[in-house]
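Data first, discussion second: the structure below is written as structure tokens.
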Amino acid sequence: MEEKVSLKVRVQKLGTSLSNMVMPNIGAFIAWGVLTALFIADGYLPNEQLATVVGPMLTYLLPILIGYTGGYMIHGQRGAVVGAIATVGAITGSSVPMFIGAMVMGPLGGWTIKKFDEKFQEKIRPGFEMLVNNFSAGLVGFALLLLAFYAIGPVVSTLTGAVGNGVEAIVNARLLPMANIIIEPAKVLFLNNALNHGIFTPLGVEQVAQAGKSILFLLEANPGPGLGILLAYAVFGKGSAKSSSWGAMVIHFFGGIHEIYFPYVMMKPTLFLAAMAGGISGTFTFQLLDAGLKSPASPGSIIAIIATAPKGVWPHLNVLLGVLVAAVVSFLVAALILHADKSTEDSLEAAQAATQAAKAQSKGQLVSTSVDAVVSTDSVEKIIFACDAGMGSSAMGASILRDKVKKAGLEIPVSNQAISNLLDTPKTLIVTQEELTPRAKDKSPSAIHVSVDNFLASSRYDEIVASLTGASPIAEIEGDIPTSAPVDSQESDLNHIDAVVVAYGKAQGTATMGCETIRAIFRNKNIRIPVSTAKISELGEFNSKNIMIVTTISLQAEVQQAAPNSQFLIVDSLVTTPEYDKMAARMYK
């Protein structure tokens with residue numbers, strides 16, 4: 001099973017490495033887009049002299065920046081220099097903008113000089129380090145430049161032409177909207193940046209050079225589908241999902257942080273249909289009205305989208321209509337799904353816990369065991385929020401925790417950055433989304449790692465602050481399993497159990513899911529024993545030998561102290577455990 005996990009992580013790394021070469025340079029793409037929108041012949045302020053800058057930026061500056069960044073990712077400054085030299089060979093060896101070539105030659109240059117250094121660095125005699133380092137970078141870069149000029153450039157040029165022709169054929173066949181069947185689910189799998197900046201941005205820039213705009217910039221950045229789903233929750237949702245959806249709408253639509261609506265979709269997986277329907281209808285409208293943008297819209301905010309639309313009223317209206325249609329369609333589909341739902345309450349926290357368990361099961365793993373880790377101001381000197389791109393939702397999560405840390409009177413810096421830029425430094429607390437934690441641990445094994453389901457709404461932040469201030473230990477940090485063994489339900493006498501209580505500490509989400517799981521098992525086996533949840537502080541009411549209390553390993557000591565006379569079932573996970581079936585098999589009520 002671990003092979004599947006590593007394969008999934010490798011796929012994520014590939015997509016992330018592509019987007020990480022583009023995203024740090026998005027400012028240059030936007031500058032080029034503004035220059036194009038203003039000064040070309042059909043721009044807002046036509047200027048022949050300034051328009052001459054458009055071509056060199058597209059042909060040389062942008063690809064070299066990508067190649068430089070790709071080399072830097074592999075081997076720092078030396079890798080960046082060699083990657084940039086190699087990229088120039090690909091650029092001059094082709095007649096098309098060499099973005100894909102830069103994505104190949106940049107990392108290749110960094111990898112080559114890295115291997116050279118690993119082999120020869122220790123063999124350099126004292127006093128010759130600068131001479132060898134400078135000449136080795138120059139000669140390796142020179143060799144790769146020749147390779148790129150004669151081999152990589154022409155090959156990539158042919159491939160780029162083929163891909164461009166394929167995209168053009170898809171557009172002409174009116175099949176581009178079908179891409180949203182893949183794009184919308186991919187967002188939740190953390191591939192949105194890889195798709196948008198690793199694939200659509202390079203192809204879109206080439207389309208802008210030829211046609212002045214590109215619809216590809218709108219495929220992933222369209223905020224309409226997410227807006228419609230959040231609006232449906234605001235009207236037809238229940239509980240915390242309904243009350244929190246209004247604020248989420250503002251952050252999503254105007255802030256461009258699309259990750260904020262992912263938990264709402266995962267709460268009701270059928271809402272993937274709403275997201276896909278909205279994406280398909282929005283892209284169809286864009287295609288029908290010949291809409292497009294002049295540069296990437298990053299983040300996917302309606303403000304960024306309007307700012308990068310072509311000159312004129314109609315181009316802006318066409319873009320807005322596509323967003324509106326996507327929002328309306330996703331709202332209607334989501335409204336039908338939510339209206340037909342018969343559950344009494346939508347709990348974001350419970351849905352996030354269930355999502356974490358489902359993801360772990362899909363990877364062939366059990367949910368991470370909860371442990372008590374020693375986190376204090378002595379063991380943590382800085383906190384880093386890490387995600388694919390190092391911006392967006394991680395930046396907002398860092399802002400939320402930074403405010404809590406400041407209010408607690410702690411002087412611990414809280415920042416955000418891309419996982420690919422993490423360093424293996426001790427006394428660092430790294431916060432990542434559960435799906436990305438394996439990669440973060442691989443980059444920084446010496447750090448303390450905390451997994452959250454949602455950067456923008458997590459009770460874990462209060463736990464982190466409480467642990468840092470010494471108020472309480474932080475639970476569910478990735479670490480070793482405690483040596484204390486769980487209490488087997490088969491050791492308990494279950495013939496006289498009158499009630500089952502699922503205990504929880506600060507967060508009720510997983511306890512609620514566990515409670516519902518036990519109830520479902522009891523219904524199937526016709527066991528008429530009430531099942532409920534209770535805070536640890538309320539367990540005194542259930543301190544009886546005919547009460548079964550279910551809890552996790554990390555809370556075992558507190559629960560047994562609160563209700564010493566009760567019977568206990570200690571499990572790894574309140575959401576997914578075989579112990580519930582074993583317990584039910586030994587009950588006769």
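Placement of Cβ uses the backbone N, Cα and C atoms for every residue, glycine included.
Per Swiss-Prot, topological domain 'Cytoplasmic' is recorded for 1-25, 73-135, 188-274, 339-589, and the stated evidence type is similarity to another entry. Per Swiss-Prot, domain 'PTS EIIC type-2' is recorded for 14-347, and the stated evidence type is sequence analysis. Taken from Swiss-Prot, the feature transmembrane segment applies to 26-47, 52-72, 136-157, 167-187, 275-294, 317-338. The topological domain 'Extracellular' annotation in Swiss-Prot covers 48-51, 158-166, 295-316. The domain 'PTS EIIB type-2' annotation in Swiss-Prot covers 381-476, and the record cites sequence analysis as its basis. Swiss-Prot lists C387 with the feature active site, phosphocysteine intermediate, giving similarity to another entry as the kind of evidence. According to Swiss-Prot, the feature phosphocysteine maps to C387, an assignment based on similarity to another entry.
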Going along the chain, which residues at least six beyond the ends of the topological domain 'Extracellular' (295-316) come within the CB cut-off of under 8 Å? 23, 26, 29-30, 32-34, 36-37, 42-44, 196-197, 200-201, 204-205, 208, 212-213, 217-218, 220-223, 253-258, 323, 391-392
Under an 8 Å Cβ to Cβ limit, what residues of the same chain, 6 or more beyond the ends of the topological domain 'Extracellular' (158-166), are close to it? 96, 100, 203, 206-207
With Cβ-Cβ distances below 8 Å as the criterion, list the same-chain residues six or more beyond the ends of the transmembrane segment (167-187) that contact it, or say none. 195, 203, 215-216, 219-220, 225, 258, 262, 272, 275-276, 278-284, 287
Distant-in-sequence neighbours of the transmembrane segment (52-72), which means Cβ under 8 A and at least six residues beyond its ends: 17, 20-22, 24-25, 28-29, 31-32, 35-36, 39-40, 79-84, 86-88, 90-91, 97-99, 101-103, 105-107, 109-110, 113, 205, 209
Under a three-state reading of DSSP, tell me whether C387 (active site, phosphocysteine intermediate) is helix, strand or coil. strand
Using Cβ atoms and a strict cutoff of less than 8 Å, what residues sit near the transmembrane segment (317-338) while being 6 or more residues removed from its termini? 218, 222-229, 231-233, 235-237, 268, 270-271, 273-275, 277-279, 281-286, 289-291, 293, 302, 305-306, 309
Using a Cβ cut-off of under 8 Å, list the residues of the same chain at least 6 residues beyond the transmembrane segment (136-157) that approach it. 78, 81-82, 85-96, 98, 100-101, 104-105, 108-109, 112-113, 116-117, 120
Over the topological domain 'Extracellular' (48-51), what is the model's average pLDDT? 88
Same-chain residues at least 6 beyond the ends of the topological domain 'Extracellular' (48-51) with a Cβ under 8 Å from one of its Cβ atoms are 35, 38-41
The number of other Cβ atoms within 10 Å of the Cβ of the residue listed as 'active site, phosphocysteine intermediate', counted over all protein chains shown, is 26
